[in-house]
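Remarks on the structure that follows.
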Amino acid sequence: MIVIKVGGSVVCKDVSKVIQNLPKYADRAIIVHGGGCLVNEMLKRLGIEPKFLTHPGGLTSRYTDLETLKVFVMAMSWINKQIVASLHALGVEALGLTGADLGVVRAKRKEKVLIVDERGRQRVVDGGYVGRVVHIAADRLKPPPLKVLSPIAVSEKGELLNVDGDQLAFDVAKAVGARQLVLLSDVDGLIIGGRVVPHLTAEEAEELVKSEEVRGGMKRKLLMAAEAAKSGIEVVISNGLVENPIDVALNGSGTHIVKNL
């Protein structure tokens, strides 16, 4: 089994190359997608300014109040069905899901979160409608048909929750016993000193998370990759905008993170 996370940067720029490459993997893959850029665009059209929180360690996350959640669900549903429709046009039987459908992803709402404010002070604030994944119904995600999953979970109280897409992809990979987790974004991999780092151990990835050379979304990707690699899953961070991006990633391009080299 392979779990393929299609990042928002790919979804919003050009997801067609990923879709064209998917049919050969349809019998053994699960797709998780992002789409934060479309969420931001829709929020701004509605006069709502996107809000982000900075956490200790430099990680960031979207602050999701109820109005933002409504837009988040709309945007992710549009992306999900566009991917599914494109796959059907290629003759691939695909089923688009949120984590709420069939209860495939259950999460616990984060009531409070620790942030670093603009003055550099640590504060505890309301967590909004953001969740931490607590259960994956693995048997309902395995193909056939090819499942396309958006990063929306459901709580025990029936609340829809925004969950981190990279974390969701890792949780799915672990739950289904995937051998590989491919994270597709708009960069060629982890770039240090102007060059792609081809291989990392889980321990090396954890150390790099603390480095000033790694910023933004790559910090979170490396953190999740290290956790996944420790579980025996090979993680590949690669470019989703090139021709045949899945083939390219699995054939050695990008950054490969494993438990031990």
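FYI, residue positions are counted from 1 along the chain as it appears here.
Heads up, the Cβ atoms here are built off N, Cα and C, so glycines get one too.
Checking the candidates Arg45, Arg62, Arg140, Arg179 against Swiss-Prot: the one annotated together with Gly35, Gly36, Asn162 at the substrate site is Arg62. Per-site Cβ counts within 10 Å over the binding-site residues Gly35, Gly36 peak at Gly35. Listed in sequence order, Asp166, Leu183, Ser185, Ile237 are the same-chain residues six or more apart from Lys221 (site 'Transition state stabilizer') with CB atoms under 8 A from its CB. Sequence-distant contacts (6 or more apart, same chain, Cβ under 8 Å) of Lys5 (site 'Transition state stabilizer') comprise Ile31, Val32, His33, Gly34, Gly165, Asp166, Ala169, Leu181, Val182, Leu183, Leu184. Other than Gly35, Gly36, Arg62, Asn162, the residues of this chain whose Cβ falls within 8 Å of the Cβ centroid of the substrate site are, in sequence order, Gly8, Gly34, Val39, Thr64, Phe72, Ala75, Met76, Pro151, Gly165.
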